[in-house]
Structures are given as structure tokens and as C-alpha cells.
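Colleague: Sharing a structure, written as C-alpha cells. Questions coming.
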Amino acid sequence: MRARRHPVLARSGLLDSSLAPAGVLLLRALGTTLVVYSLLGLWLAEHAEPLWLVDTAREWLNRALGIGEDFGGFGLCLLLLTHGWDEAAAHARGECAKDRIRRLLGHWLPVVVATVVAIGALSFGADVLTRPDTVPQPDLLHALGAVTLADQVLPQAAPLLPLAWLVLVQIAGSLLASASRRTGRVVWLAPAAQLVAVSTVGVLGVSPGPTHRVAEIVAFLPLVVIGQVAYQVWAREISSYLGTSLGLLAWVVSAAISNTHATLRHWWYPVTFLFAVLLFLVTVRTSGRTADRVARNSVVRWIADRAQWLVLLPGVVCYPVLDALHTRLPMALTAVTAASAVAIATEAGDFVTRSALRPRGSR
Amino acid sequence: MTGAPSSTRKGNRYLHGLDLLRVLAAFCVLYIHLTGWLLHAHHPWPVGDAVNALVVRPLRLEPDLANLGITTFLIVSGIVTTHVALRERPLQFLGRRAARLVPALAVTVLAAWPLATAGLLMTSEDYDLADVVANMFLVNYFLPDTPVVLDVTWSLTVQFSFYFFVAATIPLLRRWPWLPPAIGATTVSVLLSLINTQDTPAEHQLRVIITFLPVMFLGQLVSLVRSGQLAPAAGIGLGAVHFLLFVRATLTNETIPGGSANPRIVALVMLVVLLVGPSRGRIVTRPWVRTLSSRTYSVYLAHKVAAYPLLALLSPSIGWVAALLVALVGVGVATELLYRCVEMPINKWYRKWLEPRTNPRRRRPGENQGRARATEAVPRSR
């Protein structure tokens with residue numbers, strides 16, 4: 001294996017991918033930024049507030065490229081791809097069970113914090129991003145469902161944190177990757193086994209029933225697999241042709257599931273998946289001095305390292321601020337204020353969880 | 001994909017991946033025109049149904065992979081011609097392109113004339129000699145009441161326009177590499193504002209040219225960034241401008257390029273070119289890939305002329321499946337004849353005889369060898 005340790009990425013904390021080229025960090029930052037941007041776009045759409053940037057981007061980029069949801073789905077796809085890469089990189093560097101648990105806790109703890117903030121905001125009557133739009137006054141059962149992520153898959157549950165399915169896919173992807181490594185020394189068997197598992201769930205969830213909602217979420221799991229395969233090709237564990245075949249198979253599985261589920265069909269996810277995968281591969285492949293320079297930027301690193309927080313907190317911090325201020329301040333100023341509130345909440349949450357998860361004896 | 005980043009000499013490495021992409025593009029063009037004929041003749045075409053169900057609909061592309069092949073050709077052509085332009089003088093550049101492209105075009109149009117007159121090319125026009133001569137030099141697209149003999153030649157008007165622009169800006173390209181694509185963007189932007197009517201053939205064709213020119217500029221930017229002439233950030237910025245110009249052209253005209261999926265196609269092809277272009281794997285370096293790649297221009301010109309008459313004449317007697325197989329063989333034979341008897345001999349003759357006369361300095365022994373090797377860093381240009 002010819003993978004090298006990257007000086008910038010090695011310093012970048014819980015979500016670091018120290019065996020990755022700078023491009024992976026850039027994509028994580030880009031994916032996160034796009035998710036935040038899309039949440040802003042969603043709020044604007046729901047409140048019929050025009051914003052030149054969002055409207056122009058919709059007409060010139062979203063419609064032209066066929067990537068919907070103001071690039072939100074695209075951003076989440078990039079985060080899943082980078083998660084798959086991190087998973088494979090962690091395995092390659094011999095990550096121990098303790099570190100793996102700590103890494104997964106780092107993904108999950110923002111869900112707990114965001115749930116607490118959401119319940120607090122809702123109890124004060126604030127506007128929080130929920131699906132469906134109106135959630136009754138949350139009780140302990142709601143909180144439990146959100147924290148355990150069960151509300152993402154239970155048929156009748158209303159998710160308190162609509163984007164927490166990302167964490168579910170990340171954790172499921174990591175667990176599936178760990179389990180599939182028991183297939184033995186043949187490296188490509190692990191991603192192939194994961195795809196078989198994903199396809200099985202996808203087929204089981206075609207008809208309405210308890211597995212239907214699981215299958216909708218599972219449609220995104222192949223992206224985690226593609227991220228792993230990309231790493232394996234990059235690290236020369238498998239050939240590029242085998243990697244390409246597995247990647248195509250993963251895209252087919254993902255496209256087939258999204259095509260057979262009525263709720264996913266009209267979102268054009270196969271297009272979004274393909275753009276995300278191609279951008280991911282091109283960035284990893286061409287990552288060079290320019291990518292290194294950008295990755296050294298502290299803002300980029302900050303965003304990339306706090307991706308989980310920045311995906312989950314806007315719905316529960318940004319939305320109440322936007323709701324409270326948009327009638328009093330100009331829209332652009334309101335957006336900046338809301339973004340600042342998210343940044344402060346993110347930094348606070350990240351500081352607390354990093355302190356909690358830091359191994360004993362380390363600074 | 002390889003783990004090791006490419007070396008500092010990457011600018012001199014042959015882009016094998018472009019060969020493969022050109023072959024795939026030629027297959028796409030062949031596929032859509034054969035599909036077009038079969039659908040026009042009301043034959044069942046299960047391959048077309050499968051491609052539309054498995055690829056076109058999930059990716060929301062144009063039906064029957066329309067414009068996928070031509071977009072790939074334009075981007076690859078932009079890469080290749082910019083690469084050679086950095087090593088040639090303006091007249092030399094134009095002469096070489098003309099020697100490679102024009103004779104094969106003229107011969108194909110001449111061959112297509114009787115077939116088109118007989119209605120075997122899915123056209124129903126009367127052509128006189130003046131029409132044919134105009135078609136041989138693409139002038140037909142700019143003259144009123146001049147029918148098209150071979151419709152695939154429309155894309156050559158885009159390519160020739162790009163070649164003239166590149167030739168005119170070679171000195172700028174060497175000194176300020178960012179300037180020609182920037183001038184190109186400005187010019188296209190102004191022309192998109194001015195030309196949006198299709199009252200005359202000339203206006204229609206100019207609109208076609210300015211719509212697709214940004215696609216070729218995307219290829220030019222790839223070449224400039226890859227060769228180290230342009231910083232990646234500048235390349236990405238200028239590339240975004242050219243892509244948005246293409247989107248603008250799509251948004252402001254209903255029939256050119258025709259179909260809302262075209263910006264998506266350009267973006268996807270661009271990413272695929274960036275990914276596959278530098279590949280050096282087992283498949284892309286196979287000799288047959290390079291052999292097929294060198295014949296893609298001949299395939300592009302000859303496939304309709306060879307396939308349509310065979311399909312029309314044979315399908316009533318031997319059935320469309322057998323006729324299709326014969327047509328494919330016919331395309332292969334016509335391509336090889338055009339390549340071996342017209343395209344390459346004239347190109348070689350031009351390079352051997354005409355160039356030393358116009359440029360005596362290059363007669364000195366050994367002087368050409370370094371440049372010849374350098375131009376091989378990317379696939380041969382047309």
C-alpha cells in the first residue's frame with residue numbers, strides 16, 4: 001500500500017482521514033456547505049422569501065444539472081462517499097475497536113445534542129425543521145425515538161431531526177463494513193457482500209410494509225460502499241477495473257432502489273448519485289498542490305471537521321433564528337445572523353464532545 | 001485511479017483515456033443514427049428500449065443517448081487541438097487541420113450525393129452540383145435554399161470555427177494562456193445576445209456554433225491546466241463561465257441545442273473526461289483502442305453513407321436484423337476505405353511535401369523529432 005500520511009489532515013480531529021488526499025477533506029467541506037445552503041433554500045421556499053443567489057442557482061444550475069433540493073441531497077451524497085473512504089482508511093491503518101466506537105460516537109453525539117436543542121426550541125414554540133412540518137409537542141417517546149434514530153425507520157414515526165438519517169446510514173455503513181470484512185482476505189468480497197445485503201433490503205422494501213422506509217434510507221448506503229471501493233483502488237488494494245465494476249454495480253443498486261420507491265422516484269437521485277460519485281473520484285484523482293493549499297485553510301478545515309454538527313444543527317438553531325428575525329431585518333442580514341448562531345452552537349457542541357471523547361491521558 | 005499522484009512530467013504523458021472516449025463517442029453517434037433509422041422504419045428495437053430504460057431514463061439524458069457522442073467529441077477535440085496549437089504556428093495549425101479534415105469531408109459528400117438524391121439517406125431533396133460543392137466545404141449551412149447532403153457535418157462548423165479562433169490566438173495562448181478562453185467567453189456571450197433568431201440559415205448555424213463553442217473551450221481549459229500553462233483555480237473559474245454560457249444558450253433558445261438535458265450531458269461528459277483521460281490501465285492502452293480511435297473521424301463521416309442505403313435496400317428482403325449486421329460491416333469497410341485511401345494519404349502527403357516548402361527551416365535533419373514526440377502526448381488531432 002502506498003498511502004501516505006497527510007500533515008494537514010492528520011491534525012484535523014475526530015473526523016480526520018489522515019490517509020486521504022486533501023481532496024477528501026475538501027469534498028467533506030463542500031458537502032457540508034451545500035447541505036447548510038440547501039436548508040437555507042428550503043426555509044426560503046417554505047416562507048416564500050426570495051433570495052437572488054438561491055433563485056439564480058436554481059435556474060442556472062439545479063435545473064440544468066438535474067440536481068434538486070438546492071444541492072442538499074448532493075451534499076449528503078458527498079458526505080456519505082467521504083464516510084466510506086474514512087471507513088476503509090481507518091480499517092487499513094488497523095483501527096482498534098475502541099477507536100472505532102469513539103469515531104462512531106463522534107458521529108452520533110450530535111444527534112443527542114440536536115435532539116435536546118430541538119425539544120427545547122419546540123417547547124418554547126420556536127420554528128424547528130421537522131418532517132412533517134408540524135410535530136405535536138414532543139414527549140419522552142419522541143426524544144427517545146430521535147436519539148436512537150428509530151424515528152427514521154419506524155413506519156408511523158415523525159422524525160424530529162429530518163436529516164439524522166445521514167447518521168443512521170453512516171453508522172449502518174460502518175457496521176456493515178465491519179461485518180463484511182469477515183468474508184476473508186479477498187478484499188473485493190467485502191464491498192460485494194455489502195451490496196448484496198443492501199439489494200436484499202431494497203427488494204424486501206419495495207412493497208409497503210415495515211421495511212419500506214428502511215429501504216428508502218438504504219438506497220443511500222451504496223455511496224458508503226463506493227467510498228470504500230475508491231479508497232481500495234487509491235491504496236492499490238484492488239485494480240481500477242474491479243473498482244469500476246463494483247462502483248457501477250453500487251450505482252445500479254442505488255438507482256434501482258430509488259426507482260422502485262415512489263417517494264424517491266421524483267427526486268432524480270440516480271443523477272445526483274452519479275454527479276456526486278464522479279466529482280468525488282475526479283477530486284481524489286486530481287488532488288494536488290492546489291487542493292493542499294485550500295485544505296490548509298482554517299475555515300475549510302473547520303467546516304470539514306464539524307460536518308455532523310453543521311448538518312444537524314441548522315434545522316434546530318438556524319430555523320428559529322430565521323423565523324424570529326426575518327420580519328425585522330433584511331433577508332441577507334438575517335441569513336448571516338442565523339449562520340453565525342449555527343457556527344457558535346457547532347463550536348460549543350464540538351468542543352464538549354471532543355473533550356468527552358478524548359482518550360484518557362491525551363491532551 | 002492510482003494512488004500516486006502524477007509526476008511533474010505529467011504534461012508529456014500520452015492521454016490514452018482520450019482514445020477510449022473517442023471510440024465510445026463514435027459508438028454513441030453510430031448507435032443514435034442506427035436507432036433513428038430503425039424507429040423511422042417502424043422496426044422494433046429492443047436494444048434501444050433497454051438503453052432508454054436502463055441508462056437514459058435514470059440519468060435523465062436525451063432519448064437514445066442523443067448528443068452524448070458529439071459532446072464527447074467536442075471536448076476531446078478542444079483538448080487535443082489546444083495541445084498541438086501550443087507547438088505549431090497559426091498557418092501550420094490550420095493547414096494540418098484542413099489537410100486532415102477537408103478531403104475526407106469532400107469525398108464523403110461526393111459519395112453521399114447520389115445516395116441522397118435517391119432518397120437513401122432519409123432526405124428528400126434535389127441536389128445540383130452547386131449544392132454539393134457548397135456541402136463539400138460546409139458553405140451550405142450559411143446559404144439560403146441550399147439543402148444538406150450529409151447532416152452529421154453540422155458539428156464540423158463548430159470545430160472549424162474553434163480552429164480558426166485557436167489559430168488566431170496562438171500567440172496569446174503562449175504568452176497569456178488565460179486570455180483566449182476569456183476572449184472566447186466574452187465573444188460567445190455577446191453573440192448569444194445578438195443572435196437568437198433563425199430567419200436565415202446563416203443565423204441558425206451561427207447560433208449552433210456559438211451554442212457549442214463553450215463545450216470546446218472546456219476542452220481547451222482542460223488542456224491548458226494539464227500542461228501547466230494555467231493555474232487550476234483559473235481553469236475552474238473560466239470553465240464555470242463557459243459552462244454557464246452553454247446553460248444560457250440552452251435557456252434562451254428552444255430548438256438549439258434542443259432538449260433540456262444538454263447541460264447535464266456536458267457536465268457529465270466533462271467529469272468523465274477528467275476521470276478517464278489520464279487513465280493508463282490495461283484496456284485504454286490496448287493497440288486496438290488506438291487503432292479505432294484514429295478512425296473515429298472516418299466513422300463519423302461514413303457511417304450514415306454506408307449504413308442507411310444498406311438498411312434501406314436489404315431490410316425488405318433479408319429482414320432488419322440481418323440488414324443491420326450487414327450495415328455494421330459496411331460501416332467498417334467504408335470507414336477503412338475512407339481512412340486508408342483519403343484521410344491518411346492526403347494528410348501524410350501534406351506533411352511530407354507541403355510543409356518543408358512553406359517552412360524550409362524545418363528541413364534540417366533531427367529538428368522535427370522533439371516536436372513530433374511532444375505532439376504525441378495527446379491523441380492525434382484531426
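Cβ atoms are placed via backbone N, Cα and C, with glycine included.
When I checked TrEMBL for this same protein, it listed these features:
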- A:21-44: transmembrane segment (TRANSMEM)
- A:64-83: transmembrane segment (TRANSMEM)
- A:104-126: transmembrane segment (TRANSMEM)
- A:160-179: transmembrane segment (TRANSMEM)
- A:186-205: transmembrane segment (TRANSMEM)
- A:217-234: transmembrane segment (TRANSMEM)
- A:241-261: transmembrane segment (TRANSMEM)
- A:267-286: transmembrane segment (TRANSMEM)
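Could you place the listed features in the three-dimensional structure?
Modeller: Under 8 Å from some Cβ of the transmembrane segment (A:21-44) lie the Cβ atoms of residues 6, 8-9, 12, 15, 50-51, 54, 58, 69-79, 81-82, 85-86, 129, 163, 234, 279-280, 283-284, 286-287, 291-292, 294-295, 300-301, 303-304, 306-307, 310-311, 314-315, 318-319, 322, 331, 335, 338-339, 342, all in the same chain and six or more residues away from its ends.
Sequence-remote contacts of a segment are chain residues at least 6 beyond its ends whose Cβ falls under 8 Å from one of its Cβ atoms, and for the transmembrane segment (A:186-205) they are 173, 176-177, 180, 211-216, 218-219, 221-222, 225, 228-229, 232, 237-238, 242, 246, 249-250, 253, 256-257, 260-261.
Tertiary proximity for the transmembrane segment (A:241-261) is limited to same-chain residues at least six positions away from its ends with a CB under 8 Å from its CB atoms, namely 188, 191-192, 195, 198-199, 202, 205-206, 212, 215-216, 218-223, 225-226, 229-230, 232-233, 267, 269-270, 273-274, 277.
Here the transmembrane segment (A:267-286) has long-range neighbours at 20-21, 23-24, 26-27, 65-69, 73-74, 77-78, 81-82, 85, 219, 222-223, 226-227, 230, 234, 247, 251, 254-255, 258-259, meaning same-chain residues at least 6 beyond its ends whose C-beta is under 8 angstroms from one of its own.
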Colleague: Would you kindly list the residues that approach the transmembrane segment (A:104-126) from elsewhere in its chain, counting only those six or more residues past its ends and only Cβ-Cβ distances under 8 Å?
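Modeller: For the transmembrane segment (A:104-126), the list is 14-15, 135, 137-138, 142-143, 146-147, 149, 160-161, 164, 167, 170-171, 174, 308-309, 312-313, 315-317, 319-320, 323-324, 345, 349, 352-353, 356-357.
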